[in-house]
Amino acid sequence: MIEDKEPSDGMNGIDEFLARHSADVEEAVRKAAAAEIMPRFRQLADHEVDQKSGPHDLVTDADRGAELFLTGALGALLPGSVVVGEEAVHADPASYGAIQGDAPVWIVDPVDGTRQFVRGEEGFCTLVALAHRGVLLASWTYAPARDQLATAVRGGGAFLDGERLFAGRPAPGRDLVVATSHPDYTTDDQKRALLALRTDGVAPRPCGSAGLEYLALARGELDATAFSWEAAWDHAAGLLLVEEAGGAHLTLSGMPFRITGGNSLPFTAARDAATARRVADLLASGPATTG
């Protein structure tokens, strides 16, 4: 389970909220995509795309608009909650600290896979997770270009368009397919750790949208991931989805990934616990870093 503390009595109210309002969250996610993302898909003008840290770190008017939409909608659905969104944290890094606070927190990536979105490819999604005191409680992964919606509730399973997801186990005798961080976005130590996956029985490939890679894991279409960064908006929704589909995740310290940070990187998520351990052991043969 992805958690830093024991569940508190305060979660009872959130569980009740989810029982009553999960469909409202789904509606908000779909509306954000319909209003802010899809009208700009394959229609982006140059002035609607900006760089953040560099040419591979992009933000668009769709990212900004969808995050503003969701910030308002999600906050209204659950009074007293806070929203930690990728673009808001870029503008105010201190706002990331709300993940460790006492209020329920929505963790939002308005467009996961912005580079794919800018290129006019369908491999992007909107990610929303609800957490409380470091514990992930629910998640929504919406791929608007494909009209696919995956959801998960802690202890309640993972679903894609209403159908239960089971990650299963890798087929015996077949190479493990592992989606990995692109070498351009890793430190030298992380590169060496990821190079350990280039061995017999493992077939690493560069990852696309993290959210869609996690969905592929939960569907049993991918065996594992190996990622070298820990921004919660990229991982929170997908890791809960994988966990509720029967998967597992490990950092190089042997502990589950923590959304509050301080993880030993790279870390892995996988279809089952045995595969997670196998990939983590390979990664551990190279140097580890702490996020």
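Every residue gets a Cβ built from N, Cα and C, even glycine.
Note on Asp109 (Mg(2+) binding site): other Cβ atoms within 10 Å of its Cβ, all shown chains, come to 32. Residues or ranges marked as Mg(2+) binding site by TrEMBL: Glu86, Asp109, Asp112, Asp234.
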Env. residues of Mg(2+) site, Cβ within 8 Å of mean position of Glu86, Asp109, Asp112, Asp234 Cβ: Val108, Pro110, Val111, Leu127, Ala210, Gly211, Ala231, Trp233
Listed in sequence order, residues with CB under 8 A of Asp112 (Mg(2+) binding site) and six or more positions away: Phe124, Cys125, Thr126, Leu127, Ser209, Ala210, Gly211, Leu212, Trp233, Asp234
Residues near Glu86 (Mg(2+) binding site) in space but at least six apart in sequence (CB under 8 A): Asp63, Glu67, Val108, Asp109, Pro110, Ala231, Trp233
